[in-house]
Amino acid sequence: TITHTGASRLFTGFSQAVKESMPSLSVFVGKNVSDQVMLIGDIAVPYGLQNADPCTARSCLWPKAKDGNVYVPYRISNQYSQREKCIIKKGLKSFAKCTCVRFIPANCSRCVAGCRCYSYLGRQEGPQVVSLEREGCVYQSTIQHELLHALGFKHEQSRSDRDLHVRSWLGRSLPRFNFLRKVNTNNLGTPYDYNSVMHYGRYAFSRNGQPTIVPIPNPNVCIGRATEMSANDILRVNRLYKCGMFLQWVESI
């Protein structure tokens, strides 16, 4: 059922075919934020872990199967139109073209709906949400962005070296969206990428219409306009998940 007018969600579930290579968990894309979690930007974080890095506090990677691929089962809510489903499927399939990550259709018994665009960070030990609101979230870049969160990736402007590349104006952002905090990240040997699909725009969550993120030293550099994963985004997925032949191919480009 829909719990928010005009909002629908994408659901990922658990597949019998990969039970031997994956823990017993499922990913539901489309649940309202519960009382047990808070949103930091578009990342859902359980209360008690909001001041910690969830991916260092626990293992957050999806496991690899014996064939070297990473399988993440999903189900798309019937609340989406056929056009929206096609866009979502295109975003899901885009990972298979350039990484060892495979989002595969699966059945699930629990399908709920919510609102907004958000995701948990990395694999969770239970039902997991990637929320794609119909109004404003069903785009290739947003789908890839939220799925990269689910795979364990943070925002580009949260990188440990971000102060060398952007200036963050915390006082200009809405207080409940603490998306500008810097964390100790594993940058996987890749440079800061203004073109990353994980980079927010300069007016993200602004409370007064002024920029919250400004590139340095050149403030005119374009940020937050990516329409799909950048070469660095793809390289990071392949390095994080040790994608073998895909990694060799990407690094040779």
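Cβ atoms are placed via backbone N, Cα and C, with glycine included.
What TrEMBL lists as active site is E146. Per TrEMBL, the feature Zn(2+) binding site maps to H145, H149, H155. Annotation comment: TrEMBL describes C115-C137 as disulfide bond. If you look up TrEMBL, you'll see 51-244 marked as domain 'Peptidase M12A'.
Location within the structure of each feature annotated in TrEMBL.
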residue	record	Cβ within 10 Å
C137	disulfide bond	24
H145	Zn(2+) binding site	26
E146	active site	24
H149	Zn(2+) binding site	22
H155	Zn(2+) binding site	25
Three-class DSSP secondary structure - H145 (Zn(2+) binding site): helix
Averaged pLDDT score, the domain 'Peptidase M12A' (51-244): 84
Whole-number Å value for how far C137 (disulfide bond) lies from H145 (Zn(2+) binding site) (Cα to Cα): 10
Cα-Cα distance linking H155 (Zn(2+) binding site) and E146 (active site), given in Å to the nearest integer: 10
C137 (disulfide bond) and H149 (Zn(2+) binding site), Cα-Cα, nearest whole angstrom: 14
